[in-house]
């Protein structure tokens with residue numbers, strides 16, 4: 001366990017344009033929720049924050065496609081994403097919005113502080129303007145023929161076919177990816193740049209001090225810091241209508257009228273603003289004790305969760321904003337980053353509708369099925385792959401055959417022989433003593449993995465704890481003992497029933513609904529076990545045989561789902 005009693009947890013904030021797929025979920029929100037639930041169960045004070053990332057060109061275009069004003073579209077999609085998060089039992093203390101007044105004010109505040117520190121430069125640059133669209137086009141919204149390979153759908157930042165990096169002016173016959181118009185003009189425009197290069201030494205020292213970070217996190221950070229020309233200054237404003245208006249604190253910024261801050265500047269600041277939103281909502285009383293080191297946050301451990309594509313911004317750009325401000329904001333202590341989850345021999349694709357999206361997943365199965373499979377296959381050290389065959393096999397084996405079967409067998413056996421009450425029986429014997437010793441070791445190992453956020457190892461240990469109980473029940477065989485020694489059968493039954501609240505407490509971070517069902521069936525509360533003594537349920541304690549925890553996935557279901565989610569959303 002961390003030596004601090006308070007942990008701040010943030011998940012990379014999902015973009016507003018549409019519903020996210022399972023690959024997005026397992027790379028940020030879901031493991032963050034696992035860790036938050038675990039720490040709360042162990043008695044820590046936790047603040048778990050997430051939000052929707054609402055600014056930028058894709059939001060404007062998605063709103064136009066939906067026929068809605070962008071503010072209305074973002075409000076609607078925030079509500080949709082919040083409802084889906086509840087469906088997956090994501091236990092955010094607050095699910096905020098980057099378009100909030102709090103984030104506007106805080107983003108403008110940081111920009112002012114950075115400018116005061118000499119870390120903002122005004123840069124004249126050339127950008128492509130589309131007359132038909134009435135807007136400057138981001139590089140990736142310009143298409144044309146690649147001068148290198150001739151691919152006719154190359155984007156203005158890179159050719160997907162030959163991977164050559166491009167500028168929009170390199171393209172042959174360029175056109176707007178929004179309207180298809182070729183009526184384009186290169187115009188001069190002025191933008192603000194964050195002078196990250198001035199903070200390179202400070203950032204390098206800070207990253208080097210994080211010796212406990214995952215290799216994936218530090219390797220990406222150091223690559224961006226050191227490769228090629230090293231850390232580059234970064235544009236933090238855009239010529240758009242929708243976003244945080246450019247201001248220097250509370251004051252107007254001459255020459256920046258009509259511009260907004262770049263989404264990647266304001267989005268991480270929303271982590272802080274989200275806590276301020278939570279105060280307004282009433283879910284917490286004081287946000288600064290979590291975020292300001294001079295106001296109590298010096299005893300906070302801050303952990304971030306994200307996919308590997310977000311690592312450069314969280315290890316360099318956002319820390320540059322924090323450090324450059326010269327103010328005592330809380331910097332991240334640990335960044336848990338993830339590789340990609342691929343889908344059935346290819347990639348998940350939001351644009352092509354390929355793979356399972358979060359709303360669809362909840363339509364076909366309860367959230368615990370998805371939570372268990374995704375977390376037990378979390379892409380921590382390498383990319384992972386979702387296949388329907390593996391999903392069916394693992395869910396049926398782990399959840400139905402091992403955990404669900406154990407709970408069903410022992411509760412139904414007890415009901416048939418002793419009623420729905422924990423029997424008295426004799427004393428425990430060598431089998432029980434051996435299992436308690438084994439479970440004590442496994443409990444310690446499980447907690448070690450959870451403390452270290454080694455998710456796959458933690459899942460494997462939890463599975464082994466379930467298996468140990470199943471093997472005990474099979475070996476002790478109370479149904480056989482009952483024929484010749486009812487007292488011994490009663491002792492076995494009492495012991496095995498006590499495994500259920502033990503399992504419920506340990507399983508709750510992974511499968512909260514099933515854990516709650518186990519606890520309710522045993523007429524007890526969900527609590528984290530201090531040890532494996534298994535004394536929660538005394539003789540005479542009443543219980544109710546719970547409903548089937550996990551139904552098996554049939555071959556017909558698997559085949560139907562594999563066909564349904566092969567491409568193009570319904």
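Glycine residues also receive a Cβ, built from the backbone N, Cα and C atoms like all the rest.
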Among 14-24, 25-35, indicate the range for which Swiss-Prot gives the feature motif ''HIGH' region'.
14-24
If Swiss-Prot is the reference, give me the range from 342-346, 347-351, 352-356 marked as motif ''KMSKS' region'.
347-351
The answer, for which of the binding-site residues 146, 162 has its Cβ ringed by the most other Cβ atoms inside 10 Å, is 146
Fewest other Cβ within 10 angstroms of its own Cβ, chosen from the binding-site residues 149, 159
149
For residue 350 (ATP binding site), what is the tally of other C-beta atoms lying within 10 angstroms of its C-beta?
17
Residue 350 (ATP binding site) versus residue 149 (Zn(2+) binding site) - Cα distance in angstrom:
26
Beyond the listed site residues 146, 149, 159, 162, identify every same-chain residue whose Cβ lies within 8 Å of the center of their Cβ atoms for the Zn(2+) site.
147, 148, 150, 151, 154, 160, 161, 163, 164
Alpha-carbon distance [residue 350 (ATP binding site); residue 146 (Zn(2+) binding site)] in Å:
24
